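Colleague: Pulled from TrEMBL, these are the listed features:
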| type | residues | note |
| --- | --- | --- |
| BINDING | PHE24, GLY26, GLY28, GLU68, ILE254, LYS256, GLY258, ALA296, THR299, GLU304 | Ca(2+) 1 binding site |
| BINDING | ASP298 | Ca(2+) 3 binding site |
Amino acid sequence: MATLKVPVHVPSPSDDAEQLRKAFEGWGTNEQLIIDILAHRNAAQRNSIRKVYGEAYGEDLLKCLEKELTSDFERAVLLFTLDPAERDAHLANEATKKFTSSNWILMEIACSRSSHELLNVKKAYHARYKKSLEEDVAHHTTGEYRKLLVPLVSAFRYEGEEVNMTLAKSEAKILHDKISDKHYTDDEVIRIVSTRSKAQLNATLNHYNTSFGNAINKDLKADPSDEFLKLLRAVIKCLTTPEQYFEKVLRQAINKLGSDEWALTRVVTTRAEVDMVRIKEAYQRRNSIPLEQAIAKDTSGDYEKFLLALIGAGDA
């Protein structure tokens, strides 16, 4: 006899908004209810909840969360509740500020998002900060970092799978010649990494490997303490194997003395709905321990519960 499938009831945005309102009322905050709702809704649902909440209660949901929550848990919930483009605009803006400046975060946003996602980030940045992301990056960086980062955030790469093998071969040679001469900031190096499609870059780097016997990132390790070279290696990793790049960020955040909660929060909230399944696989392969276990060991309380709920969600 066939078993009937009972349809799973998905609460409406107004149900969720009402429950969140209840979580804020009375003595103390019901953190578990907040986790149960927000960690289990996709970006479109979270946007609807924010809209409905504002209409029903005349208050901004984000402001209410800010008032009710604290510390790393607050930052994680706020970042995840934001629309992805708004979230990236916020992170990029922080990365151009004196006390939270980070060339790495700017690079990460420019290289791991699709062309349309990056375009949406730039639109959200205009709307929120009344400036362009490009001008802020140019203003807050200098020298070789500016030379690399401005074209990266300005890019609108082709997203298709088509590859020109002749071009891959010739550009692999250009890259090899420049790197051999230690001309790491040469215009041609910057042009290739900041404009070519990800598929084209992969083909070029495969050529590089087979023609010259070394992976490009190995050749870029000539001076392990050179910070610019570290960033350039990360650009290549982020463009070609993002899950490996994010695995490394997580590993360093977790293994750091005192752990780097900002990096942990950033990666989990920005990748939960993108490629978390692949990042978890990469983490398990590299560290012989599940990411869930590593996070549980390193965090506690509501912050731990929220992060674990997000990475449990996998590819949404």
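Keep in mind that glycine also has a Cβ here, set from the backbone N, Cα and C atoms.
Automatic prediction, not curation, is the source of TrEMBL annotations.
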Colleague: Over all shown protein chains, what is the count of other CB atoms within 10 A of the CB belonging to ILE254 (Ca(2+) 1 binding site)?
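Modeller: Counting Cβ neighbours of ILE254 (Ca(2+) 1 binding site) within 10 Å gives 20.
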Colleague: Which residue among the binding-site residues GLY28, GLY258 has the fewest other Cβ atoms within 10 Å of its Cβ, if you could check?
Modeller: GLY258
Colleague: Using C-alpha atoms only, work out the spacing between GLY28 (Ca(2+) 1 binding site) and the residue listed as 'Ca(2+) 3 binding site' and round it to an integer in Å.
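Modeller: Cα of GLY28 (Ca(2+) 1 binding site) to Cα of the residue listed as 'Ca(2+) 3 binding site' measures 26 Å after rounding.
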Colleague: Provide the number of Cβ atoms within 10 Å of the Cβ of THR299 (Ca(2+) 1 binding site), excluding the reference atom itself.
Modeller: 22
Colleague: Compute the C-alpha separation of PHE24 (Ca(2+) 1 binding site) from the residue listed as 'Ca(2+) 3 binding site', stating it in Å without decimals.
Modeller: 28
Colleague: So what sits near the residue listed as 'Ca(2+) 3 binding site' in its own chain, CB-to-CB under 8 Å and at least six residues off in sequence?
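Modeller: Looking at Cβ-Cβ distances below 8 Å from the residue listed as 'Ca(2+) 3 binding site', excluding near sequence neighbours, one finds ILE254, SER259, LEU264.
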Colleague: CB neighbours of PHE24 (Ca(2+) 1 binding site) within 10 A?
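Modeller: A count of 19.
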